[in-house]
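Asks: The following block contains the structure, expressed as structure tokens.
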């Protein structure tokens, strides 16, 4: 039965049938170079929220009213325009983020998905994720999103402590979060992710670990741990600056992270990325595209994208940012078909730096095969094999460089930022002194 108010098209109907099939974990191996150039992920930004959380500096707005029909039409238009511009033939995943996309109507989600499926091949079993806040996603509404084509949820739970939730400016309680999580697991079994924050002001290790243990009793097969970052311009930043709140203790945050990842490993979760943990093959296809430096298109106000504009004969990957403010973005989409505000061509070294920094965030790291897709002349051995600094990191057991490629050890993954302080300059030096060779496409 399809919930009322959800218009279904051909793709949405096929997607609902595909949701009943078992998931197959095929991540970890990069696609062939040919397919990589014709595939992309799609990010859709819904910029509106009910209120601004105290820690958040994302591009979001609290409007008096939203003309959703206009927003929907602009999202559809921009998706069509950028898909044609990119020349991609297949979209592997779609992620509705924000903002609070669970405030959008399921009809808007379905309209975007149908538009994508009309432009390119969107497999019926493609991962389609929706970020949801507990207060804006009761069970019937979640079911309506499922009927619209969503097959994976990412719930912004953040904490199971009501005092911490209040500090963060969240609109839900711990009981609200657990109720939404239970309803989501019934509707999307094996496809529900939750976020848990660490390193809050005055937060202690043991109470936080108790939260994590409690969450393990209720959660599904995917969990993300995020350390609080105090962002300038947020309420939380101001309170710490004024001395109203104590500054977060970085040593305690590091201890929480180390203890937390150990707890999750013991519970059968694979830490497949610095902040992300999965069991039973429930890795995020969409985020994996980011970490593997795959192409992705960003639509909606302030969305980011990275792709080669093959549709207009382009051969160089571009970093694109859409216009931030929703009303201005809609005006530009209406006039030009898209609201791209900034477009920067990525140099070859810039792209390789991203391949290295993003790839090392994963437990797979950067394989030789994957690296060669971006740089067929200069190998990982050429870049890192003769470096004394890298040799020292290998001896310390923080890095591994072998027949598989370059990757962090379990210990190294926890200190990746410090490792990159050695690895990125080494890449830059190797690039500067590389032998002359024909420049390959990016």
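Even glycines carry a Cβ here, placed using N, Cα and C.
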Asks: 99, 100, 158, 170 show up in Swiss-Prot as binding S-adenosyl-L-methionine 2; which entry in 125, 195, 220 does that record put in the same site?
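Replies: So, going by the record in Swiss-Prot, that would be 195.
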Asks: Could you tell me the C-alpha distance between residue 53 ([4Fe-4S] cluster binding site) and residue 43 (S-adenosyl-L-methionine 1 binding site) in angstrom, no decimals?
Replies: 22
Asks: Roughly how many angstrom lie between the C-alpha atoms of residue 43 (S-adenosyl-L-methionine 1 binding site) and residue 100 (S-adenosyl-L-methionine 2 binding site)?
Replies: 14
Asks: Same chain, not part of 43, 98, 131: whose C-beta falls within 8 angstroms of the C-beta centre of the S-adenosyl-L-methionine 1 site? Give them in sequence order.
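Replies: Same chain, not in 43, 98, 131, Cβ within 8 Å: 44, 45, 46, 95, 96, 97, 99, 101, 130.
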Asks: Within 10 Å of the Cβ of residue 170 (S-adenosyl-L-methionine 2 binding site), how many other Cβ atoms are there?
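Replies: Looking across every protein chain shown, the total is 24.
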Asks: Counting distance between Cα atoms, which of the binding-site residues 98, 100, 158, 170, 195 is nearest residue 49 ([4Fe-4S] cluster binding site)?
Replies: 100
Asks: Could you tell me which of these binding-site residues, 131, 195, has the fewest other Cβ atoms within 10 Å of its Cβ?
Replies: 195
